[in-house]
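Data block below; observations after.
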């Protein structure tokens, strides 16, 4: 099932996601829906908060990219970055911040401890685009967006686009969720 993507103003994207205690039928269904939603939106990574679920879960598939055709799709549960190496500045975008790109500096390689789709613990080193996509999606699980990592002067340059997204003045080829945030006692949805 294709799920709507939350936009950057949605509260769930600014919260620390909760760890999963296992994989049951509901989580399996969510994983399948996340892959379907990511593919429908022409994305290469998607975190559970981006579809409204505050869970430490992400999926990615970079096999559509040149030089990464042999990289298998991944399910990453409860990730924890153990170590990082190097630095790399690269332009990023995000399904939750449609139409906006910006330069973000990240480590060029990471050692990651996580659980896979079968909830088996894995520890692996990742580099290049795979490391970047993993870090971008893991940020979502901590309530951080790529725009939060941009230099302030660069962020000011995209403020109009961010305002348009907040107002719903955007067109995308995938479903978007209504953004909701808390204000005092009630929810405000835009």
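Each residue, glycine too, has its Cβ placed from N, Cα and C.
Feature annotations, courtesy of Swiss-Prot:
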type     : residues     : note
BINDING  : 94, 136, 140 : Fe cation binding site
ACT_SITE : 137          : active site
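All protein chains included, residue 136 (Fe cation binding site) registers 23 other Cβ atoms within 10 Å of its own Cβ. Its Cβ placed at the centre, the residue listed as 'active site' has 25 other Cβ atoms within 10 Å. Spatially close to residue 140 (Fe cation binding site) yet at least six residues away along the chain are 13, 17, 47, 49, 50, 58, 96, judged by Cβ distances under 8 angstroms. When secondary structure is read from DSSP and collapsed to three states, residue 94 (Fe cation binding site) falls in the coil class. Residues 45, 47, 50, 92, 95, 96, 137, 139, 145, 146 surround the recorded Fe cation site, their Cβ atoms falling within 8 Å of the Cβ centroid of 94, 136, 140, which are themselves excluded. Spacing of residue 94 (Fe cation binding site) relative to residue 137 (active site) is 9 Å (Cα to Cα, whole number). In the three-state DSSP assignment, the secondary structure recorded for residue 136 (Fe cation binding site) is helix.
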